[in-house]
Amino acid sequence: MFSRSDREVDDLAGNMSHLGFYDLNIPKPTSPQAQYRPARKSENGRLTPGLPRSYKPCDSDDQDTFKNRISLNHSPKKLPKDFHERASQSKTQRVVNVCQLYFLDYYCDMFDYVISRRQRTKQVLRYLEQQRSVKNVSNKVLNEEWALYLQREHEVLRKRRLKPKHKDFQILTQVGQGGYGQVYLAKKKDSDEICALKILNKKLLFKLNETNHVLTERDILTTTRSDWLVKLLYAFQDPESLYLAMEFVPGGDFRTLLINTRILKSGHARFYISEMFCAVNALHELGYTHRDLKPENFLIDATGHIKLTDFGLAAGTVSNERIESMKIRLEEVKNLEFPAFTERSIEDRRKIYHNMRKTEINYANSMVGSPDYMALEVLEGKKYDFTVDYWSLGCMLFESLVGYTPFSGSSTNETYENLRYWKKTLRRPRTEDRRAAFSDRTWDLITRLIADPINRVRSFEQVRKMSYFAEINFETLRTSSPPFIPQLDDETDAGYFDDFTNEEDMAKYADVFKRQNKLSAMVDDSAVDSKLVGFTFRHRDGKQGSSGILYNGSEHSDPFSTFY
């Protein structure tokens, strides 16, 4: 199927390469089904373009013969007994969906390419005809320019067939570190595209059964067209690694903003939580629930607006290892005694929370994770729906205004204890003079987000109608002026991310490196499976190579010339 399509494009290229500039009057096809014959020699021996040839359907007798051959050679067989069971599995459904999207994208892209190539050819022919008729340019010069155009078109055609590779990217600096790999600021060499290149260790992913999470992240990134979600530019793989080249969001994450500001003004907190709701709603509209939202998942772009990233846990379930670990922690703290949650002041709790994040330096980066933002029904392994993301947003709004999460304690165990009895420990913070730290409408929103599923807000429309958002115009939110705009030197400025050449910054990832090295030592080379089906992706926007045509010394930019 693919080779036939490529041959058709090659035939078109062959027809064009035989054109000469002795007769530029190319006959137009007489019908939409018209096809071009290969170029032939005219009576004077000169090459002329192929003439249109109308499509002629085969006779009915031929069609019957063709059908009979199909029925004889491909007689139906009985389906396996487990066919329907296998067909209903989520893994099978994903492959089917990816396959459908792949073929739709493949053929739409191919047809766009053929149409745009014909348009470019007509433009060049008109230009060369003008050169000959108006400026009396010689046929030799015209043919040289035509040959140059053909060379550019062949380059574009070759690029269409090339899959992205690691060597196509220039690594600039490291900007992130995870349990399964690294994130680098990189530049694509042929197009100068700046991206965040996530490189994941295939051995670890297969060893820990995390490939489904990566595939889900890839699927979400390729599906989204929303400005609220980080977009995928390229996805590819080699025997050792999986690669996700995403748009680079240079303003750092919301966690960094909270660390630098400690607390936000009420108006600023309202702006950011509004944008977070928009981003989460964009994910929900795609049919996914994030399940593990935290400040690190929200990035700030160059204009100061929010983008949601890191969709690995949106596959449908959190990993069994993580859930079991958290359930064990919940059980362990069941009978422990801790100081009363409400006895501490806002300032005391704020200090405890920040000290714990410093002393337990891997608190937020651990492979198991912390329970600060995760809804209780997720931790307990119970059934849940998309509103668990609203619980997480309620925790983040709480933290933005007072500087600590609603269930934070002096230790991880105490945090689990507070979460286990959240109805008792969730209290409206008060200042030293006993004034409420939150306005009534702020507290009303928080208690509608951090609530039992039956009492939790059920939709984004309900959220928008709450009095807390009375000043927010959600329709124009993304074009409004944000409280903070990153100060960037250029598009490769990574100053808002950790410096991986700095020992202090690297200390945050000590536990991640230790666990990664331990797992790597356990993985055998034979553990690497075959290629992941439906992983490769190439976006169709932006600069992806040029097939520009020189018109009077200037490059002609064609909207379709970026396809390859």
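Backbone N, Cα and C define each Cβ position, glycine as well.
With Val175, Gly176, Gln177, Gly178, Gly179, Tyr180, Gly181, Gln182, Val183 listed by Swiss-Prot as binding ATP, the candidate from Lys159, Lys163, Lys198 annotated for that site turns out to be Lys198. The phosphoserine entry in Swiss-Prot, when matched to the candidates Ser366, Ser526, Ser530, corresponds to Ser366.
Sequence-distant contacts of Gly181 (ATP binding site), defined by Cβ-Cβ distance under 8 angstroms and a gap of at least six in the same chain, are Lys198, Ile199, Leu200, Asn201, Leu204, Ser241. The binding-site residues examined here are Val175, Val183; by Cβ neighbour count within 10 Å, the least packed of them is Val183. Taking only the Cα positions, the spacing between Val175 (ATP binding site) and Thr536 (phosphothreonine) is 23 angstrom. The record assigns Val175, Gly176, Gln177, Gly178, Gly179, Tyr180, Gly181, Gln182, Val183, Lys198 to the ATP binding site, and the maximum Cα to Cα distance across that set is 15 Å. Ranking the binding-site residues Gln177, Gly179, Val183 by the distance of their Cα atoms from the Cα of Thr536 (phosphothreonine) places Val183 first.
A sphere of 10 angstroms centred on the C-beta of Thr536 (phosphothreonine) encloses 16 other C-beta atoms. Averaged across the domain 'Protein kinase' (169-469), pLDDT in this predicted model comes to 84.
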